[in-house]
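> TrEMBL lists these features:
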REPEAT    65-99  repeat 'PPR'
REPEAT    100-134  repeat 'PPR'
REPEAT    135-169  repeat 'PPR'
REPEAT    170-204  repeat 'PPR'
REPEAT    205-239  repeat 'PPR'
REPEAT    240-274  repeat 'PPR'
REPEAT    275-309  repeat 'PPR'
REPEAT    380-414  repeat 'PPR'
REPEAT    415-449  repeat 'PPR'
REPEAT    450-484  repeat 'PPR'
Amino acid sequence: MLSIKCCQSVSLFHQQLGQYKPMKMHFMVSLMGPPFPTLINTHMKNKHQISVEEVSTSENGEELSGVVYNARIRESCRVGDVDKAMKLLAQMEALGFSLRLGSYTTVIEALGSVGRTLEAEAIFREMVHLGLKPDLRVYNVMLRSCLRKGLLELADKVLAEMDALGIGRNRATYEALVDYYGRAGRLNDVWAVIGEMSREGFGPDSFVYSKVIGVYRDNGMWKKAMEIVREIREMGVSLDKRIYNSIIDTFGKCGELNEALEVFEKMREEAVKPDIMTWNSLIQWHCKAGDVGKALELFSEMQEEGLYPDPKIFITIISRLGEQGKWDVIKRNFENMKCRGHQRSGAIYAVLVDIYGQYGRFQGPEECISALKSEGIQPSASMFCVLANAYAQQGLCEQTVKVLQLMEAEGIEPNLIMLNMLINAFSIAGRHLEALSVYHHIKDTGISPDVVTYSTLMKACIRARKFDKVPEIYEEMESAGCTPDRKAREMLQTALLVLQQRHCKYYLRCISMV
């Protein structure tokens, strides 16, 4: 059974909480800009421009009302067809109809969920200009949308506007901040937000605990992560799916795969159904440990449980099997997916196999995207990231950049994940100057770099033997509020050791010349 040693009697969670003062946001200017034109922006006008004659009637010849348009727009957003929703919005505005408050919220949420942050912000501004008053839910939607893309300054504006209007924060507001700071590796900010939550009467729940465990895990602080788990058990908090996933991922990351599987079985015994994140974590860490056989066994078991395979995990499986030259096993997995009816996942799998195998069946990213569209797969930020990652891991910079351009052409704004992948592609290709230029582009566009950005940039400089740049980047990471993870600390030590050796050699050379 899982055993967790008690390292100290005082609660680590509350001990850490006491170290941080109330969080102060560096608020920017008001989010509400000048009056924003109807039809949102030029991009949307061009993409969805129509005439009144085209849109005044429905398919059966009946005239559409504002009520019907609002209903259809909400339904399109619900099923994930954001483009259709935007086209309907353009149509109804051409006829002089307006969105209702609930419809505005739905559209903003739909745009934010697919990474179209600027359009979401534009619609938000139009909503305010028309005299509608956004409620807390709308502000939370905008906040999540900004944070998802790494636009921390814009998120600060949202919070500032809430404060100015006297709109208090709720649990969802704080959880959005905890989630972002956790993913960005900003440990101090995580604790500051949790402290503010507690003072406002929002005690830590499974979401917060799982994020804290994850932050400690990602920073290589295994013991602290396990101490949090011990405290949760001692307080009688029941372990739910989120916490189980955090524990499994923690054991996986530190190479304790037997412990991870033990927790997995315990999870099932407690009638907590594993989700796609649970399976992804187990498959990923078994692949990284070299146990591809067990990873494939888990992959098959996941599908037998009726879960739809996540394309993100395909990269891990295909790359590992490809390294071993097991293309026959890759093909078998593809056939098994088709037999189980996972047609769309199978299409993405086939494209990724072609990229990794460099078979040349698809001549570049454009054909890959076309092939996926022909299978009925709607382009999304997640799908583009999967493709970009496949190219980036092989150092195929031009193709990675092309995916980025195709993503923009679809109206999806590049997010920090995509830009980090681009840095990684240049790093693998040994092109550190391009990697640095992407980093500066990230900062210039108002996106806040995270711990992955800095670590990947440090890796690029080490590969290019620009060791003197590594301490500078490390210092920037700390100044930005990101807590360096284990990899970053190891790379810093490597760079400092090389610089020290170089200095010694230079000193000895000078002595010999005297």
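Cβ atoms are placed via backbone N, Cα and C, with glycine included.
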> What average pLDDT does the predicted model assign to the repeat 'PPR' (450-484)?
91
> Six or more residues out from either end of the repeat 'PPR' (275-309), which same-chain residues have a Cβ under 8 Å from its Cβ atoms?
241, 244-245, 248-249, 252-253, 255, 257, 260-261, 264, 267, 316-317, 320-321, 324, 326, 329, 333, 336-337, 340, 342, 345, 349
> Which bits of the chain, at least 6 residues beyond where the repeat 'PPR' (450-484) starts or stops, bring a Cβ under 8 A of a Cβ in it?
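Same-chain contacts beyond the flanks: 150, 183-189, 215, 218-219, 416, 419-420, 423-424, 426-428, 430-432, 435-436, 439, 442, 491-492, 494-496, 498-499, 502.
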> Just give the helix, strand and coil counts over the repeat 'PPR' (450-484), going by DSSP.
24 helix, 0 strand, 11 coil
